[in-house]
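Sharing the feature lines straight out of TrEMBL:
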type   : residues : note
DOMAIN : 9-63     : domain 'BHLH'
REGION : 1-20     : region 'Disordered'
Amino acid sequence: MSGSRRGRPSSRVPAPAPRITEDQVADLVSKLQRLLPHIRNARSDRVSAAKVLQETCNYIRSLHREVDDLSDRLGQLLESIDADTAQAALIRSLLIQ
């Protein structure tokens, strides 16, 4: 044990998170709603917070699938071209990101 830790408890208790108000939650849900294309374009302005959160999770999952699909397509393209070309270097840089 190092000298600077003597006398201290072995684990720290995290400080309590600041309380968030209902207005802040409503504002955050509203911001999320504006980011979701299919809810943002819906005719009804009233969507429950639970629905917005569920749709946000679904949207994030779909974005992950899209990224995976695009990465697979880039990988296939990279395999089909000469590895020493500028095009191959560009594809490799996209895959690394």
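Positions of Cβ are set from backbone N, Cα and C atoms, glycine also.
Owing to the predicted nature of the structure, the values given are computational and were not obtained by experimental measurement.
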How many helix, strand and coil residues does the domain 'BHLH' (9-63) contain under DSSP?
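Final tally across the stretch: 33 helix, 0 strand, 22 coil.
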Average the per-residue pLDDT over the domain 'BHLH' (9-63) and send me the rounded value.
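On average, pLDDT over the domain 'BHLH' (9-63) sits at 87.
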